[in-house]
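What follows is one structure encoded as structure tokens, with my remarks underneath.
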Amino acid sequence: MQVTSEQGLKNSFLCLNVSSIMLQEAKCAYIIIIMAVYWCTEVIPLAVTSLMPVVFFPLLGVQSSKSVCLQYLNDTNMLFVGGLIVAISVEQWNLHKRIALRVLLILGVKPALLMLGFMIVTAFLSMWISNTATTAMMVPIVQAVLDQMDNTEYDVTMMEQATGQTNTVIELEEKNASDPTSKKDEFFKIISNGQVPDDPRSSEEKKMRKRICKGMTLCVCYAASIGGTATLTGTGPNMVLKGQMNQLYPNNNDIVNFASWFGFAFPNMILMLILAWLWLQCSFMGLNFKKSWGCGTERTAKEKAAYNVLKAEMKKLGPISYAEFNVLLMFVLLVLLWFSRHPGFVKGWLYSLFFSRYITDSAPAVFIALLLFILPANKPKFIDIKKPFLSAPLLDWNVVQRKMPWSIVLLLGGGFALADASANSGLSAWLGHQMTPLGSIPPWAIATVLSLIIAVFTECTSNVATATLFLPVFSSMAASVKIHPLYVMLPGTLSASFAFMLPVATPPNAIVFSYGHIRVLDMVRSGIVMNIIGVFCVTLAINTWGRPMFELDTFPTWANSTTNQ
């Protein structure tokens with residue numbers, strides 16, 4: 001009887017322990033569901049919703065306040081802040097505008113080349129500065145070029161009409177000399193109206209002009225979203241993946257760093273950009289290569305006008321200043337430090353340092369950011385004693401404080417807090433166990449389906465919030481079916497940036513929509529195909545060059561050890 005009672009006590013304690021564990025998972029899941037609803041509906045600002053874990057996780061006993069608060073300014077967030085400070089300095093000194101205008105002048109102003117030029121410039125700038133800032137800068141340039149082309153076309157048409165009117169009047173006078181009664185009414189009709197009948201082609205030209213305006217403006221917001229995927233600091237979801245990989249898999253050997261991400265995502269960006277350009281050409285300009293490209297032909301009046309607008313904007317900037325040169329130098333230095341830290345195929349500068357294991361991509365970013373507050377904006381004065389030797393620095397903190405998207409920093413921190421709580425409470429393991437039946441589906445099919453789900457979901461909510469909610473679930477699913485976590489997390493991260501269908505889906509879309517050239521239906525029609533192009537390119541990338549780059553055919557030991565914990 002004594003043995004039975006002891007066994008009963010053990011069983012009761014075991015049941016209490018299991019129930020307490022399940023209670024922890026339920027509490028964590030409850031907070032995540034509440035935050036997901038708030039993020040989707042935006043009943044309160046996204047950044048405010050991101051602060052909920054600081055209050056409710058300690059209150060419900062899921063995690064301590066210290067553990068939660070540490071997630072809001074971790075290594076990944078510092079990388080993001082450092083990169084943004086460098087981007088703000090580029091914007092501050094108009095270096096991005098100089099780069100944009102120079103590339104457009106080099107590529108030319110033929111319709112197809114002009115659209116390609118806008119897309120290349122926007123995508124390149126979005127790799128380094130925010131998608132919103134890039135779009136806000138590029139759309140006025142596009143608008144100025146389109147307005148000048150429109151005005152020039154109107155002037156040419158009016159001149160042609162005036163010439164045609166004069167010729168018609170002369171012909172009628174000659175005919176009236178032989179038969180004055182038959183043509184008299186027609187002559188007076190033309191004179192009284194003051195114009196010749198409209199050319200039947202004019203309505204078609206107006207329609208074509210509207211379609212060109214739609215295509216030229218849409219290409220900017222699409223290129224901004226595509227370009228942001230190419231670099232680790234280009235957009236928020238990329239940083240979410242980096243942070244959650246470090247949290248969920250602390251022994252992952254820094255598999256996702258700036259160089260490895262660029263090696264995978266940059267070719268994908270190039271492919272998407274080419275397909276998007278071809279799709280926009282087909283949709284809004286037609287595939288008349290002779291007219292669009294105009295190889296070997298002289299520039300029309302409209303093309304000369306567009307070129308003159310770009311040239312005038314470039315002239316306004318003047319020669320490159322001392323400050324711009326310094327910012328460009330710091331920017332290039334940062335990119336080189338990121339690439340050469342741990343390239344993978346060769347030993348980087350990290351291996352030559354004694355404290356190499358302590359350095360991540362955030363260290364170079366913050367180092368360059370510090371230099372921007374030290375280096376002078378004007379050339380030092382060596383001769384004039386009355387003037388100060390050094391001028392004001394390249395960057396002022398008030399400018400950074402005003403332009404820094406602090407809401408995204410908090411949003412990232414809230415996502416990292418959710419991921420950490422999910423792992424420690426056991427919710428991630430439970431979710432992974434529920435998804436075990438997916439093991440019967442081929443991995444490529446899983447990745448494709450999840451990419452489609454993310455691409456649809458991100459149209460209705462923030463791309464950072466989408467990645468924050470789904471990536472921990474994808475991680476658990478990968479552990480349960482024994483596939484490489486990046487096989488599903490990489491496509492999910494890239495697909496979170498494929499917000500092409502709605503004006504409210506992402507700020508670049510909203511900026512372009514506000515100019516009034518496009519309707520919601522236009523954006524939806526083009527965006528559906530863009531989403532398909534995006535999912536196709538991501539699926540192709542993850543199943544071709546992504547496999548050997550990240551060794552996706554094996555289930556890594558670092559993922560297995562994390563799962564067992």
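Placement of Cβ uses the backbone N, Cα and C atoms for every residue, glycine included.
Residue ranges 506-525, 526-545 are listed, and TrEMBL annotates 526-545 among them as transmembrane segment. Sequence-distant contacts of the transmembrane segment (359-377), counting only residues of its own chain at least 6 positions beyond either end whose CB sits under 8 Å from a CB of the stretch, comprise 75-76, 78-79, 81-83, 85-86, 89, 232-233, 254, 257-258, 322-323, 326-327, 330, 333-334, 337-338, 341, 350, 353, 390-395, 397. Of the recorded ranges 72-93, 320-339, 408-432, the transmembrane segment (255-280) has the largest number of C-beta contacts under 8 angstroms with 320-339. Using the rule of three or more Cβ pairs under 8 Å, pairs at least 6 apart in sequence, the transmembrane segment (29-60) is in contact with the transmembrane segment (444-474). Note: the stretches the transmembrane segment (215-235) and the transmembrane segment (408-432) are not in contact (fewer than 3 CB pairs below 8 A, sequence gap of 6 or more).
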